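As given in Swiss-Prot:
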{"type": "MOD_RES", "residues": "Ser7", "note": "phosphoserine"}
{"type": "MOD_RES", "residues": "Ser11", "note": "phosphoserine"}
{"type": "MOD_RES", "residues": "Thr21", "note": "phosphothreonine"}
{"type": "REGION", "residues": "44-68", "note": "region 'Disordered'"}
{"type": "TOPO_DOM", "residues": "1-24", "note": "topological domain 'Cytoplasmic'"}
{"type": "TOPO_DOM", "residues": "42-68", "note": "topological domain 'Extracellular'"}
{"type": "TRANSMEM", "residues": "25-41", "note": "transmembrane segment"}
Amino acid sequence: MVLRQLSRQASVKVGKTWTGTKRRAQRIFIFILELLLDFCRGEDSVDGKKKKDSLTDKTETVTEKKES
């Protein structure tokens, strides 16, 4: 009987720590995904402003030249 109680208590402790570990891992994973998303969008992580993309600037000028 005592062994059964001890094993249940141990499994509860392991379950709680595993839940905390999963939550922490999920938070880290979400942070990395958001960081990658910001990087792919071209936003600067320091001030949140978009960086100028030279490729889009070039395509805009080429498009403007074709229209006129």
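Think of each number as a place in line: the chain as shown, counted from 1.
Cβ coordinates are placed from backbone N, Cα and C, and glycine is handled just like the others.
Structure coloured by features recorded in Swiss-Prot.
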residue	record	CB count, 10 Å
Ser7	phosphoserine	10
Ser11	phosphoserine	10
Thr21	phosphothreonine	10
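Cα separation, Ser7 (phosphoserine) to Thr21 (phosphothreonine), rounded: 21 Å. Confidence over the topological domain 'Extracellular' (42-68), given as mean pLDDT on the 0 to 100 scale, stands at 57. Reduced to three states, the DSSP call for Ser11 (phosphoserine) is helix.
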